[in-house]
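Notes to accompany the following structure.
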Amino acid sequence: MVETLRHLGESLYASSFLFTLCHVLSFMLPTVSPFSNEWITSVVFLLGIFGLIGLSELARVKLNWTPELSRKFVHVLVGLFVLMSPFLFVSNGPPVALAIIFIVVNLVAIKSKKFEGMHATKRKSYGTVYFPLAYLILCLFWWERQITFQIALLLLTFADTAAAIVGEGVRNPESYRPWRDQKTIQGTIVMALTSALLTGLGTTLFRSLAGMEPLELQLLVPLSLFVAAMATIAEAVSDSGSDNLSIPIVTAVTYDLFFESVGNGSAAVLIMWILLSFIMAQGAFSLRVLTSDGALAAFVLGVFVFGIGGWKFMIPLAVFFVLSSLLSRIGKKSKKDQRQSFGKESERDMVQVYANGGIPLILTIWWLYNPSDIIYFAYLSSVVAATADTWATEIGFFSPYVPRNIVTFRKVDSGASGGVTFLGSVGGLLGATVIAASAWFFIQDVKVLSLVVAVGFAANVFDSILGATVQASYTCGGCSKRVEVAHHCDEPATLISGSKFINNDTVNLFCTLSGGAIILLMG
């Protein structure tokens, strides 16, 4: 514990120094481009970042820096550069162009194994690609929300780095694996504490620079804790450096959600939604409906969807989640045997949670910044599509007739993607109707709800067509069964049809995407 606190102190000291440097530089910078043309500024900006990369390579070679140390050096200095971008550029055009350039450059560098000071790590990581991708998204959607923009980058630049330094440097780490990347308890604690500190300091600093009144302590403290908690979850549940993307985006949405709730006088209601999301996620994990990472994903999903949309967003999603979970437990033994033959598990993981709930989540976040009926209709349609697909599968298991391939009409094994039955189709239509009915209190329009049911069910049919045509299908070398996963019986399976890049989760994502997109296009 003493060692952890020592590392924490060192990390916070380093973060404080760099943050102070950023404060001074930002305060001294003009609010307009130092050159007559912002594109000239962008070229200088670009050369400056390349200079930093070259400097890190030189330090790695001359000073015998480890690749990990060199990568952190680049991460922090590039983070400082992008933190200054709102003070250098009036429009977001040049920053967007710079972000795209570095996404391409870093992808090429990773594939060609160039710039080891940036990309060489002990594990496979695309963090240097996720960083500019996150910057691109922030520039596109949060450029006009300067304080949110800066807080998101502060946590990405300093809190994430502090967590990594402590996690890798502590002598006796307490490791755990919330998803795919291994984390340490010590690093997670530092991530949370540093995030809270930077959120509080950053909010105070940037509100002052913007000429705004300082935030009262009774608001600043819960804001800092809320943002820190969500950012820490985003950092913990990561894969191959994806926290460089998830931390700033989750931070930005959380930050804006807090102020939206406070502005509407619904801060207490937000706390209720947070508690409800926790209870539902914990309950699903205890009942073995969700894996640990699936429960964390469901918690984040619930906080955002319930916290942003309230009852009108909460009820359809909760009905889908609860009733679908109950359906999955009916005939659990026989379903488990069939699922395992196709490489499927009854417990849903994070990927499966977002395959079904990711599009509704994105639409909910869109609604936060641009509330409109059409976005809500699209949200409802995407949930209807997910429900129709899930219920068609769960109820179709009980069909007395052999499923037919939706494209060729040939008989297929029960549970195979692309296979349909009359009972399963009726079940899918029933699920779509139940979700639409759950929104009746908010949309008392039979025509609109009928359209949502029709579109959601059509998305379910589209899901089956994709499953029968482009979804990957394999033959297991061990048991000779036809499966839908690349590894089965502890050995690689042979691809016999479809694309290896498209699995059941991808198809489910396209299902919910099509359900929402059709409504948006019609609107």
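A Cβ is built for glycine as well, from the same backbone N, Cα and C atoms used for every other residue.
Whatever TrEMBL says is automated annotation, not expert-curated.
TrEMBL lists transmembrane segment at one of the ranges 12-33, 386-407, namely 12-33. Counting only same-chain residues 6+ beyond the ends of the transmembrane segment (351-369), those with a CB under 8 A from a CB of the stretch are 141, 253, 256-257, 260, 290, 294, 297-298, 301, 304-305, 308-309, 313, 317, 375-376, 378-379, 382-383, 386, 390, 505-506, 508-509, 512-513, 515-516. Within the same chain, residues 230, 233-234, 237, 250, 253, 257, 260-261, 269-270, 273-274, 276-278, 280-281, 284, 287, 289-290, 346, 350, 353-354, 357, 360-361, 364-365, 367-368, 376, 379-380, 383-384, 386-387, 390-391, 394-395, 431, 434-435, 438-439, 441-442 sit at least 6 positions outside the transmembrane segment (297-330) and bring their C-beta atoms closer than 8 Å to a C-beta of that stretch. Between the transmembrane segment (125-143) and the stretches 96-113, 188-207, 219-237, 267-285, 449-472, the greatest number of Cβ pairs separated by less than 8 Å involves 96-113.
When the stretches 96-113, 188-207, 267-285, 419-443 are ranked by Cβ pairs under 8 Å to the transmembrane segment (449-472), first place goes to 419-443.
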